[in-house]
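Per Swiss-Prot, these features apply:
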type: COMPBIAS; residues: 84-94; note: compositional bias 'Pro residues'
type: CARBOHYD; residues: 74; note: N-linked glycosylation site
type: CARBOHYD; residues: 104; note: N-linked glycosylation site
type: CARBOHYD; residues: 368; note: N-linked glycosylation site
type: CARBOHYD; residues: 429; note: N-linked glycosylation site
type: CARBOHYD; residues: 515; note: N-linked glycosylation site
type: CARBOHYD; residues: 549; note: N-linked glycosylation site
type: REGION; residues: 1-25; note: region 'Disordered'
type: REGION; residues: 78-180; note: region 'Disordered'
type: TOPO_DOM; residues: 1-43; note: topological domain 'Cytoplasmic'
type: TRANSMEM; residues: 44-64; note: transmembrane segment
């Protein structure tokens, strides 16, 4: 009997000639007898399975990971293939963690996983996020086809730092960590690497005993046989000055019982430093105290307790606006306080760089602060309005403002009035002033200027208050002063995005010609005086006054005007 499933009419609907007819039923039966229905059904089933398998494979390859539809088992498997969290990268992002049992919150709590160094080094990318170069968006970093070279390098650098810390006596027992930079050398500026220690864990500060206790069961950290380390926390490594700095002891104790009891608990880090040395000089107030304090604590955003030794009430009063910007808490007098202050972290000493300069450095400046950042900090702390100089021609009759800083001691500009008159004649609105103890008031005056002019000396430090792109004119005294002029004020001005102009005084423009013959070393070989040290230099070259030749100096004023319009 012929199967009806495969039978067809012998003619097309509507009839037709013989050429339009289908194959006769007999021929169709001949074909169907060669293909059995059961075998055809098995073949179709196998084909469907193959197509389904291919679809599933391709879907797995191009699927986008979704924490909403991922099961707990899949999420656990994903975390096994991803690098664990570390203190540097923070906890695992929420999409890589499973919700805790009984947690009705819609968010997923982060989970800290034990650190596996082999995985961290092999997979330096952020866990759970695709590489920027990945060709498969949405896949976790552990499954990406390409690795991020920059993060691999960062992981390698972090590993090197950890190994270096182990070699240099960094203690890490439980929550305790002690890291000191005591033997750093800057060949050009040896004073630019003072001793600094960072302390983490149970840190107890006893000002009365001039001691910082650290609960350190391991005893590691480079301490002497008594478990002590002594520092003079002044931010200038100057052998002449350091004997006058209060010495503070860091004492490692094995347990809480061996440390004095806390009289006050603090939830923020402490920073202990000295304002001894040259800190009654504005240049040194900045280079040896305020800039190092900014470099050490700015990242804490006010959440730090300042303790000052060699305490000077007038100094604290003078810089109160800056200290309050760096710390939300009243300064503690380390010389008189009788309590025991307990902190989770502490700094003894301050990090610093060269004078009026902040450069990138892996330990001293890991956050890559610059002098531009410090200038911005000053403007915020002192509420200085201007961050750019005047635009010439913007308003009819507007004249650029020049501030000439006068000096009462040495290195006076003897013909200051003539210089001011020449500048006025060229179109400047000139103000002459001497820096005083009222820092906010004088900072506002400097900030209002477009051009600052001064003879080499501490007064030029006030360039830190100028708006960016203002002009600094330094009159450099006679006596091979180019190195000091460039490194103390010229390069810092450029780093602060100021426009710098300098004028070198000749033999006929210095008052030294009245005190020494032209055959004296002052004129014949001033470099030899520098080689004899600061005391000799201070007694000779630094005592001069200057009287500039207006014919020579006028082009400098024109250059300042031109630089202001660039």
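Here, residue 1 is simply the first one shown, and the rest follow in order.
Placed from the backbone N, Cα and C atoms, the Cβ positions cover glycine too.
Cα of residue 429 (N-linked glycosylation site) to Cα of residue 549 (N-linked glycosylation site): a span of 21 Å. Restricting the average to the topological domain 'Cytoplasmic' (1-43) gives a pLDDT of 47. Following the DSSP three-state reduction, the secondary structure of residue 429 (N-linked glycosylation site) is strand. The candidate set comprises the glycosylation sites 368, 549. Of these, 549 has the most other Cβ atoms within 10 Å.
Each of the glycosylation sites 429, 515 was assessed for Cβ neighbours inside 10 Å, and the highest tally belongs to 429.
Taking the C-alpha positions, the distance from residue 515 (N-linked glycosylation site) to residue 549 (N-linked glycosylation site) comes to 19 Å.
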